[in-house]
Structure formats: C-alpha cells, structure tokens
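**Q** Feature list, courtesy of TrEMBL:
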- B:78-101: transmembrane segment (TRANSMEM)
- B:121-141: transmembrane segment (TRANSMEM)
- B:162-180: transmembrane segment (TRANSMEM)
- B:192-211: transmembrane segment (TRANSMEM)
- B:248-268: transmembrane segment (TRANSMEM)
- B:274-295: transmembrane segment (TRANSMEM)
- B:307-329: transmembrane segment (TRANSMEM)
Amino acid sequence: MNLWRDIRGTVHPFWVTLRNMLRTPVTIEYPEERRTVSPRCRARIVLTRDPQGEERCVACYLCSAACPVDCISMQAAERADGRRYAAWFRINFSRCIFCGLCAEACPTLAIQMSGDYEMGSRDLLKLVAEKEDLLIDGGGRDNEYDFYRHAGIGVGQVRGAGDEENPPADFRSNLP
Amino acid sequence: MNELLITLALVLVKLLLIFGVVLSLAAYLVLAERRILARMQLRLGPNRVGFFGLLQPLADVIKLLTKEDTVPDRADRFLFLVAPGLAAVTALLAFAVVPFAPPLEIFGRQLPMVVCDLNIGILYFLGLSSLAVYGVALGGWASNSKYALLGAIRGLAQLISYELSMGLSVVPVILSARSFSLTDIVVAQDPLPFAIVHPVAFLIFLISVTAESKRVPFDIPEAENELVAGFHTEYSGMRFGLFFVGEYINMIILGSMVTVLFLGGWHGPFLPPVVWFTGKVLAVSFVFIWVRGTLPRLRYDQLMHFGWKVLIPLALVNVLATGAILLWLKGS
Ligand code: SF4
Ligand code: SF4
C-alpha cells in the first residue's frame, strides 16, 4: 500500500543516518595524515633525465603547443654534437590546470607529472618554475627509456646502432 | 521590604543563571549540530579550535564580531537593526516560564525553580512564539531584497499555520492536567509522561515544533538553494549571529517545551531533577539534529498541505477524542 510505503520511506532514513553516525568518518586529517597519491596522480610537473643523466627534453615545443592554457614556454638550442636542448624552459604553475596534456604530447618522456601536490603559495611569482626548478635527477616513471636509442639521427649513437634500427644499407650493393 | 529584596535577588540570580546556561548551551548546540551532522555524513566536523573543537563557538563569535555590519542601501534602517534582536529576545523570554526542577526548600523558604510560575504559562509561551514571527517578518521586509522578502513571507505563512496545530496539540495536555501552569503540568505527569498518554498529540507537537523552529525539513523560510538565506540574506556580522543564536535558543526552548509538556519534565529515577530535565532537553535537541541530517526539505505547497489538511484536522479530532474519553472516564 502507498501509505505504508510512505511511512517506511520516512522512517527508514533515520536508521540509515544513525548507523552512519556510528561508523568511522572517511575524512583524512590533512596536515597530520596524508594519503598516498595514486601512481597516475597529476601534480607538479618535472623534467626528467635519460639513463645517461642527460636532459631528455629536445625542445620540440610539442608540450607548449598542446598546453590548453599556454603556460609552457621555452627557447630551443643545439649543442655542438647536434643534440637539441632547451636553453630555458619555463612553466607558469599559477596557470597550469594539471591536465597532463603536455606529458601526453612529449615524445621523449621528458616532461612528466609527479605526485607532489603541495605547491600552494600566496606569491604568484613563486609559482613560475624555471628549468632548474623542474629538472630532476632520475628518469621519473621510466628510468630505462632513452629516446635517442629509438630515434634521433646519429646523435645518441652512430647511425644504425639504435634499437629497432637496421644498419644503414649500402645502396651501391643494391644496384642491379 | 527585606522579603522583597531577597525575592528580587533570587529572581536576578535565577535570571543570570538561566541566561548563562541557555546562551552557552545554544553556542555548544551549534557545535554539537555541526559535529553530529558531520558524523552522519561520514565527516569529522570542526575539530581544530581547541581540544575536540570545543573552542569553536568562541572562534565563531570572534569572527562574527569582527565582520563588517552592513545595512543594505534603502533598507528600513531602524527595523533592519532591531529585527535580529527581536528574534533572539523573544526566544530568550520564553524561558521565564519553564520549570526545570521541583520547588526547592532553602532556609524555610519555598524557592520555585522557575523564573516566574505564571498560571497561564502555556499561553505566554504560545504568545511569545507568535511574537517571534516578527523577527522573521520585519527582518525580511526591512532588508529591501526579494530573497529576504520571499523568505519572510514564507516564514510568516508557515509559522502561522503550524502555530495552530501546535496550540491544538497542547489542548489534550491541558485537559488532562487541568491547568495552564507548566509546573502543574509537570506535576501531573508523575506516573506516566503525556507522550505515552497522548501519543498523537505528542507527534503533532513534535512536528509543529520543528516547523516552528524553521528547521529542516521545514526550513522553507531560509531554503538556501532557492532563497540564498531567506529572511537573513542581507544580514552580516553579529546581527546575522543574533538570528543564528536566536534560532538555537529557540531550539532549546522548544526542546524544553516538549520535555515539560510531554516527556515528564524533571521526573526520572535516581538522578537529580535538573539532570533529568537537561538530559531530556538535549535528547530532544538531538532528535532535531537527527531529523535535519535525515529528511529533505518539503516543497512549499507540500508544507501547506501537510499543515492544513493533515496536522490541523488530526489535532482537532484528537482534541475531541481526548475530551470524550476524559468525560467518559469521569462519568464512570
Ligand atoms: S598539465 Fe596541462 S596546463 Fe599544465 S603545463 Fe601541462 S598541458 Fe599545460
Ligand atoms: S618537454 Fe617534451 S614535448 Fe616539451 S619540448 Fe621537451 S621534448 Fe618536446
């Protein structure tokens, strides 16, 4: 009957709230307790290094182009051995929305999102990170990955010595 | 002359005591409500200020006092400034007739544990709770804001409708106690509290009281998601605080009315009467908080339907039935 259903529907919630009152709260008391962030947490952005300890970033501007709020800027430069790098690299964290598109766009795994989320500040200028602030020592999520072992013409290694690469064919021997 | 002075002093002491106890109780009721609601929602609630958050009311007061006290442009200044006080004072005044313990015998002098044992205590209480409407109505009207005005209109309609059923549900109690004095009513509940004798009246009174205190599920005058904050939208600082405190004092006074009229007042085994009284008031307050944590807000038309088509007829039938039964009992 409808009336019975209504009465039950009014009384039952009281039992629900009472039961929930006696359960332990799910709140994490932040400064004292911290939760371990998920491995895919998207917080402070870092620039990683390859296994040789060199900067991975090749200043291709892909992250800068992918960024929806335009907060990455850099200046490309080239070393004597032909390896490209960023002369300066700047992320304005006060504009970053931590969408992770930059990390997704990066072909060299240089730019990555880390789990460090405690970066609030009252001073906006403190939130502008330069390359020195961004560079870390390790390889981030993948310590093994070395971009120049897969691509990069004659920069990381001699021609044809990379993984998934065949030694260069002598085209003269292929002539009929 | 001497006699008069002593009586005056005693009344003053009682006044101050009640003032202090009720005000601090109201302040901690706010904290208790926040904590209990939080626990019902699996949160912790305010626990930062002081041990277990026990200093939170103090922090709230300091915050409210240091906020700017704004009066909206083209508001009715005088009424705007007076309304919050009206809301708080009417709630406090009602406490004058609440007996919280049996009369005490000190130095051969009968000391009633109530500020003023009016022989028409219930009427006084009903009258004051009607006056409390003015705080809402004037505050809302004087703010010169649509939201506040809408809230005030709703508040007026709601309080007037539910006062009817509240008054009607008290009639059976008066019929059985044969007195309008609250002390007599408590004395009349010695073996059995009226909540058991008149369960229907108790239920109606409880519901009307919730509506009277403008609490969920009857918080239509301040429905946040439609009216911002209803009649106190334009208030800031301690004036808003006064409305707030008034609301919680109201909660305590209505809780003590439920206690006095239906739960047997100070009666109870073992513990001293005052403890029983306070315990019952707190229990009723907990029920208010519990209801707030559980039920959603009624729609305005539902509220009016419920009040006029369900509660008032039910209360009238209840009055008739009680009268008939009492007459029959007396006849036999
Ligand atoms: S996370 Fe998104 S917003 Fe932040 S720098 Fe990368 S692309 Fe730009
Ligand atoms: S961080 Fe990656 S995407 Fe951005 S410029 Fe460097 S290599 Fe290119």
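Cβ coordinates are placed from backbone N, Cα and C, and glycine is handled just like the others.
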**Q** Cβ under 8 Å to the transmembrane segment (B:307-329), counting only same-chain residues 6 or more beyond its ends: which ones?
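**A** Distant Cβ neighbours of the transmembrane segment (B:307-329) are 158, 161-162, 164-165, 168-169, 171-172, 175-176, 198, 200-201, 204, 207-208, 211.
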**Q** Residues sitting near the transmembrane segment (B:78-101): Cβ under 8 Å, six or more positions beyond its termini, same chain?
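**A** Contacts of the transmembrane segment (B:78-101) (Cβ under 8 Å, skipping residues fewer than 6 from its ends): 18-19, 22, 71-72, 112-118, 121, 124-125, 128-129, 131-132, 134-136, 138-139, 141-143, 182-183, 186, 232, 234-235, 239-240, 242-243, 245-247, 249-250, 253, 256-257, 260, 265-266, 272-274, 277-278.
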**Q** In the same chain, who gets a Cβ under 8 Å from the transmembrane segment (B:248-268) while lying at least 6 residues past its ends?
**A** 22-23, 25-27, 29-30, 88, 91-92, 94-95, 98-102, 122, 125, 132, 170, 173, 182, 185-186, 189-190, 192-195, 198, 201-202, 205-206, 209, 212-213, 215, 274, 276-277, 279-282, 284-285, 288
**Q** Against which stretches of its own chain does the transmembrane segment (B:274-295) lie, if we need a Cβ under 8 Å and a gap of at least six residues from its ends?
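**A** Answer is 29, 32-33, 36-37, 40-41, 100-101, 113, 206, 210, 213, 215-217, 251-252, 254-256, 258-259, 263-268.
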